[in-house]
Amino acid sequence: MSSKRQTKGCNVVVIGTQWGDEGKGKVVDWLTDHAQAVVRFQGGHNAGHTLIIGDKKTILRLIPSGIMHKTVICYIGNGVVLSPEALFKEIGELEAAGLDVQSRLKISEATTLILPYHVAIDHAREKKRGEAKIGTTGRGIGPAYEDKVARRALRVQDLFYPEKFSEQLRENLEYHNFMLTNYYGAEPVNYEKTLSEAMSYAERLKPMVMDVSSALYAAEQSGQNLLFEGAQGTLLDIDHGTYPYVTSSNCVAGNAAAGSGVGPDSLQYILGITKAYCTRVGAGPFPSELYDHDNPAKQDLIGIRLAEVGKEFGSVTGRPRRTGWLDAAALKRSIQINSLSGLCITKLDVLDGLETIRLCVGYTLDGKKLDMLPRGAESVARCEPIYEDFPGWKGTTFGIREWDKLPVEAQKFLRRIEEVAGKPIAMVSTGPERDETILLQHPFQD
């Protein structure tokens, strides 16, 4: 028997290399023209992907960005935590805009559910932390992942076994309500109301629920191209980020396999999305930081300009993002963790008009020079950035679609990023529209 495999499609993983908000949604939307399926493999509705097509702005929080393409199948993998309420709200918004969603959306039966008590715990916990709060979105993501690890989570497939679901829900609420009332001093969550709401979603979800792992395997074996869409960013990863100022899931490339039910051999090209500057939402160390709306000591005028020109406000929470220079030393950490094949630099146009542009290429920590972001929030917080300065450009990069038409200074800045990172730039995004993109290396045709 021949050991030669059947011809497979080409699969691409899109990963954020910073603290999220890198512009993954636009890039995924662009790449979807070459894919037959898009897969979400982690996170929940705590991160928004903003797409601008023509004069229409769409924010997707849970449903894969590929839903905007009429022939593409969208999968929500087992690594996602799913709020049925948030899902159907998003489906309603998309269907009101004329999109066929439910026939093209497939949900893993093993996906963990976010229920009202997860949201209640999230809010109560942040309130109790006070000034030491992590800065979660308050949508129950972390508590849902906690239940999953503790093996008490209710999953999508449990909705179709009402007796088992009701028993497990009662046990879960006994535990969580005890914590809410006795430790956090908050109101308990009502069992009957929670059960009724959950059961109301069961029949609506059923047509969309399937064995996603098997479906993806079959799609790949038939030669289809799969696109895996990450949420958040590498530096927010629960294991590899600036812990404890991280999200509650693994948002690195390796989890594209575990979070969707495919093997690692299925991940052929890893595209790292990198903003031309850095942003961060919420608490946590940020070595190249210039501006923080809530910190009087971080009010640098260039940082404020980056926030204003880049419209740096959370697409889900509306919170102002902290801004700073591009950190290539942190990017090197992300490249190491994700085995990136290439980079996509986004929002280059936000740097237009700056007299000088800085690139963080390393740090000084306790008298020693480092060329890569260290592990652990305590060490990162003590890092002093080492910068290289570049002359800005007078012309605009906005909407440019060809490399040779970029200002020479912009080209030199981008080439230096490649040199420091040790990886090629595959794409450059010069605006929010799908076609405002410079293609240097096609991920699906590499």
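Glycine is treated like the rest: Cβ placed from N, Cα and C.
Listed in Swiss-Prot for this protein:
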BINDING   20-26, 48-50, Arg321, 347-349, 429-431  GTP binding site
BINDING   Asp21, Gly48  Mg(2+) binding site
BINDING   Asp21, Glu22, Gly23, Lys24, Asn46, Ala47, Gly48, His49, Thr137, Arg151, Gln232, Thr247, Arg319  IMP binding site
ACT_SITE  Asp21  active site, proton acceptor
ACT_SITE  His49  active site, proton donor
BINDING   Ser315, Val316, Thr317, Gly318, Arg319, Pro320, Arg321  substrate binding site
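Listed binding-site residues near Asp21 (Mg(2+) binding site): Gln232, Arg321 (candidates Gln232, Arg319, Pro320, Arg321, Leu348; Cα-Cα distance within 10 Å). On the backbone, the CA of Arg321 (substrate binding site) and the CA of Gly20 (GTP binding site) stand 11 Å apart.
The DSSP secondary structure for Pro320 (substrate binding site) is strand. Counting Cβ atoms from all protein chains shown, Gly318 (substrate binding site) has 8 others lying within 10 Å of its own Cβ. Of all Cβ atoms in the protein chains displayed, 26 besides its own lie within 10 Å of the Cβ of Lys26 (GTP binding site). The two recorded residues, Gln232 (IMP binding site) and Leu348 (GTP binding site), have Cα atoms 20 Å apart.
When the C-alpha distances from Gly318 (substrate binding site) to the binding-site residues Gly20, Thr137, Leu348, Thr430 are tabulated, the minimum falls on Thr137. Within its own chain, Gly20 (GTP binding site) has Ala47, Ala231, Gln232, Gly233, Leu236, Thr247, Val281 as residues 6 or more apart in sequence whose C-beta sits under 8 angstroms from its own. A distance of 20 Å separates the Cα atom of Lys26 (GTP binding site) from that of Arg319 (IMP binding site).
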